[in-house]
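Over in TrEMBL, the protein carries these features:
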type: DOMAIN; residues: 5-153; note: domain 'Phosphomannose isomerase type I catalytic'
type: BINDING; residues: Gln109, His111, Glu136, His275; note: Zn(2+) binding site
type: ACT_SITE; residues: Arg294; note: active site
type: DOMAIN; residues: 336-376; note: domain 'Phosphomannose isomerase type I C-terminal'
Amino acid sequence: FPPTVFPLSCAVQSYSWGKVGLESEVARLLASSDPLVQIQPDRPYAELWMGAHPRGDAVIRDNRIPQKTLGQWIADNPACLGAKVKDAFQGHLPFLFKVLSVNTALSIQAHPSKELAAKLHAQFPEHYPDANHKPEMAIALTPFEGLCGFRPVEEIVSFLQTVPELRALIGEVAAEQLERSGSDDPRGVSAALRVCFTRLMKSEKKSFIDQLNMLVKRISQEVAEGKDTSGSNGDLLLRLHSQYPGDIGCFTIYFLNLVRLEPGEAMFLGANEPHAYLHGDCVECMACSDNTVRAGLTPKFIDVLTLCEMLNYTPAPSSSKIFPATQSQLDPNVYLYDPPVPDFAIMRIEIPPSIKLYLISAVDSASILLVIQGTAVGTSTAAASEMSLRRGSVLFISANESISLHLSSPDGMLLFRACCLL
């Protein structure tokens, strides 16, 4: 039988927001997994794509397999997905697994629901290339920062009162409407929030550039005088403005939560949730789609109207954006991040130094395994030969196959495994 468990060599994307050279976790994983790789010190290593996406299909590292890439192999062997996954997702791997190394902010964006994606794709296929939704989950590998979801109203109102430049762009009427909206009427709050955010995003270019320049000048002076600028979110404003000068996205920090994740903590981004990653390294899993509606902090196509229409305007504290992992009842070394969508789930597997033999158990879904820390030799009845696993190794595991790990590192192992638990 040809092997159904095999190592992958994965595609790297050099987007300009990525960390450069060996500052990037993507580059460090790459260098560790393949000593022949030359890491270029000035090149951004932004994303590692582990999956079968046509723009970054993983290459199979097993010369007994005739197919060159994972996408070709799955097309020829769809049973590897598992019966349920194969039927539910028309013979395609339903997720793309990634590592991201973020140096400068990604665009303010949201991803459409399936319903909206179908509509956008039909109307504007050049901007919305498919008809699928794109829920995402990020799990921090290093301290990670992002903007996510609308802040509690009292925080936004406080900024409207301490940042006159923001109030000027939104206008007195809309600002007062938000200030008057009561917590007993959530629909009224959401409606007022929608008006305020839309007024900001649709403000005239000249007026928002003027207000932004005034704000940056004022905060810079306050910083020079040693004043506390946290009431105007000064640090973040100056940082984003230095990365994207004159960009409307700089003002969104007054509406969106700043979420800080420690390693192992996660955030889940469902449909219509506004977000922007700011800094740090993470593993990310998402449904297979390229649909992104952008509105700022980007040189790419922006679609402010669609974004303002589609967003979920439910305010919530930043603490509520941290998605919990549950420890497995069957195996205390496994923590499961199981989001409210069928397309994917992620397991974090932490093997302590005391364990020298560990079984990666079979699941009824194709899965992709990434080694972040530690070394081992992996054996499987479904693999051609033993596989040497080290930091940066990536394995494809067909449905219902398991792998025995013979650990050789003194500090145990840390692995992440993406799969589809229907």
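Just so it is clear, glycine is given a Cβ too, placed from its N, Cα and C backbone atoms.
Unlike curated records, TrEMBL annotations are generated automatically.
A gap of 15 Å separates the Cα atoms of Arg294 (active site) and Glu136 (Zn(2+) binding site).
Taking the mean position of the Cβ atoms of Gln109, His111, Glu136, His275 as the Zn(2+) site, the remaining same-chain residues with a Cβ inside 8 Å of that point are Ala110, Lys134, Leu269, Glu273, Pro274, Thr292.
In the structure as shown, the Cβ atom of His111 (Zn(2+) binding site) sits within 10 Å of 25 other Cβ atoms.
A sphere of 10 angstroms centred on the C-beta of Arg294 (active site) encloses 22 other C-beta atoms.
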